[in-house]
Amino acid sequence: MSGTDTAEGIYLDNNATTMVAPEVVEEMLPYFTEQFGNPSSLHQFGDKVGRALKKARKQVQTLLGAEYDSEIIFTSCGTESDSTAILSALKAQPDRKEIITTVVEHPAVLTLCEHLEKEGYKVHYLKVDSKGRLDIQEYYKLLSDNVAIVSVMWANNESGTLFPVEEMAELARQAGVLFHTDAVQAVGKLPINLKDTCIDMLSLSGHKLHAPKGIGVLYLRRGVRFRPLLRGGHQERGRRAGTENAASIVALGKACEMAMEAMEYEKSSVKAMRDRLEQGILEKVNHCFVTGDPNNRLPNTCNIAFEYIEGEAILLLLNKMGIAASSGSACTSGSLEPSHVMRAMDIPFTAAHGSVRLSLSRYNTMEEIERVIDAMPPIVAQLRQLSPYWSGDGPVEEPEKAFAPSYA
Amino acid sequence: MWDYSEKVQEHFFSPRNAGAVDDANAIGDVGSLSCGDALRLTLKVDPDSEVILDAGFQTFGCGSAIASSSALTEIIKGMKIDDALGVSNQDIADYLDGLPPEKMHCSVMGREALQAAVANYRGEEWKDDHEEGALICKCFAIDEVMIEETVRANGLRTVEEVTNYTKAGGGCSACHEGIEEILTRILAEKGETFDPNAVAGEIKKPKSGLTNLQRMKRIEELLDEIRPNLQRDHGDVELVEVDGRYIYVKMIGACAGCQMAATTLGGIQQHLAEGLGEFIQVLPAEELARRAAMEA
Ligand code: FES
């Protein structure tokens, strides 16, 4: 593969968004020019676009291992898919007033759930342990007739930890509860075969797998009761009204086809680069550690917590060296808290503020990885030099006590 | 990418006065590991003249926290401590050509460390007075506790009143939902319900008590204050109409059609709201035409 190390630098923020694959761009271009028809129209202009959408639907179906192509609903993004799934389940089963989710979901689910609580719904938030894993016993106990939907992400965007959603969906099915998974980080990185699972709904987002932003999918198992979020025309069989984003749908189809082909490479080569990255950094930098479940993690995600320094400061220096990453730290989001994921995992405060996420894609190269490994130690050293919690080559003794503001 | 000025970046990448001052006789610690922001300021003060001879900082925090610390030490070196105490967090932000609204707390930390250090020098105990409420309004850095107290003390019932009293909500509007929640909660304590459609108390005369003409003049003056900034970017602003709380302006030159125009308008609104001490809304002149057309 070509590497992302162009003039733009080294891109290691693929869990935020991915570059659009050149083949994908090529595939979508005609839909801005000659293929401009409205797929709902009966004439030949529309018909051609309509057929392209059909092909894309098949491509998505294949990647997800869905039984029918009619189970694929195109939406505008992962957030819309999540909202549609959860709100539909509540509307379709008005006497069920509870939701089960986790404390580490993406804001697309968490913020919605918090809002629903205000409207009178009861939301159960499953906690995670220090590796970001769920307690299945606790989950099992919560399943009841009162629960309208379980919504649990497949893979966590920050720690990379995978949840056993297939097993959880099976338990939900036995209890007669609908199961939704936000799989935006998992699709394209892990083999998925929905027809062999009990998952009723799944969200995916195009821009996480080398398609453009602004396109998503809600998988809806045939026969599951449904209420649309957007009502209007008969697009997507009335399940999501609004003229289709044809060019992006075509692009997503192509991206899914490419993801299918690259699956093996993701699992082996991308993972090998990620492992080398972690090992290289841990060897050269002291007082840092990898977060997440070491045995059950996305192959492309590496989240390292550096003690006694702050994440945004690390990112600024990385960026200066042409390396793009992201941080689960407070300051980037404008809040004073470290990320809700790091907090839920009980990462100590000494490190939670200094966590940095490096997320790879198949467009990265081993050469880039080596450069990042070389860049990290001086950056960390430079910031620790400024930190009141660090002196010489180690943390000050009992940092919480040594630095004691008079009002604390 | 980062909404940081050149100056902030420069002070972050090459901080001045990093590290502790040797033989310091004033030390101020603020923040903590748990809040993700901590600053130790060390000063060497001349006991006779009370002039700050040297200043050093150690900071655990984000880019703007480090830059603010660096700026603070530069500003106060050579000052008498009494004068240094007059340095506000706005001064620190101005020195850095501004900080994004979400990052204003970084400059607040600098000012507090300075107060703590001076207290330490004088052998006094320093009490910080900042509340630990969640930040509700990012535009004006107003936290929950502040809004709650103001609402209770003044029996406020609408977002507009909260804005009049605290400024919170007078900028981008993103915090209106949060303010409504606070109002709902506090009104519920009194057994009342929040009414989103309630009109703000008596239609107050502008707090400033200005006549219409004086108010117009004041608005012109305030616009004049911002003008140099716009002109530097080859733009300008023109006052078109004042209709109660709606102030219509026209962006000229490079400012017109600039992608940042909305942000610029927001900035102008903030400046005018602060200067007038009123709840006002700044709208583009086209909006005036549109509204007129709708009434016609
Ligand atoms: S956040 Fe309060 S007005 Fe912008």
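All positions are counted from 1 along the displayed chain.
Heads up, the Cβ atoms here are built off N, Cα and C, so glycines get one too.
Nobody curates TrEMBL annotations by hand; they come from automatic prediction.
According to TrEMBL:
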type	residues	note
DOMAIN	B:4-125	domain 'NIF system FeS cluster assembly NifU N-terminal'
BINDING	B:Cys35, B:Cys62, B:Cys106	Fe cation binding site
DOMAIN	B:135-184	domain 'BFD-like [2Fe-2S]-binding'
BINDING	B:Cys137, B:Cys139, B:Cys172, B:Cys175	[2Fe-2S] cluster binding site
DOMAIN	B:219-282	domain 'NIF system FeS cluster assembly NifU C-terminal'
Looking at the binding-site residues B:Cys35, B:Cys62, B:Cys175, which have a C-beta within less than 6 Å of some atom in ligand 1?
B:Cys175
Between B:Cys106 (Fe cation binding site) and B:Cys175 ([2Fe-2S] cluster binding site): CA-CA distance (Å):
20
Counting other C-beta atoms within 10 angstroms, the emptiest spot among the binding-site residues B:Cys35, B:Cys137 is B:Cys35
Specify the count of other C-beta atoms within 10 Å of the C-beta of B:Cys62 (Fe cation binding site).
27
Inter-residue Cα distance where the pair is B:Cys139 ([2Fe-2S] cluster binding site) and B:Cys62 (Fe cation binding site), in Å
19
Can you tell which of B:Cys106, B:Cys139, B:Cys172, B:Cys175 has the least company, meaning the fewest other C-beta atoms within 10 angstroms of its C-beta, among these binding-site residues?
B:Cys172
DSSP helix/strand/coil residue counts for the domain 'NIF system FeS cluster assembly NifU C-terminal' (B:219-282)
30 helix, 19 strand, 15 coil
Which residue counts does DSSP give the domain 'BFD-like [2Fe-2S]-binding' (B:135-184) for helix, strand and coil?
28 helix, 5 strand, 17 coil
Taking B:Cys62, B:Cys139, B:Cys172, B:Cys175 as the binding-site residues, those within reach of chain A by Cβ under 8 Å are B:Cys62
Would you identify the secondary structure of B:Cys62 (Fe cation binding site) according to DSSP, in three states?
coil
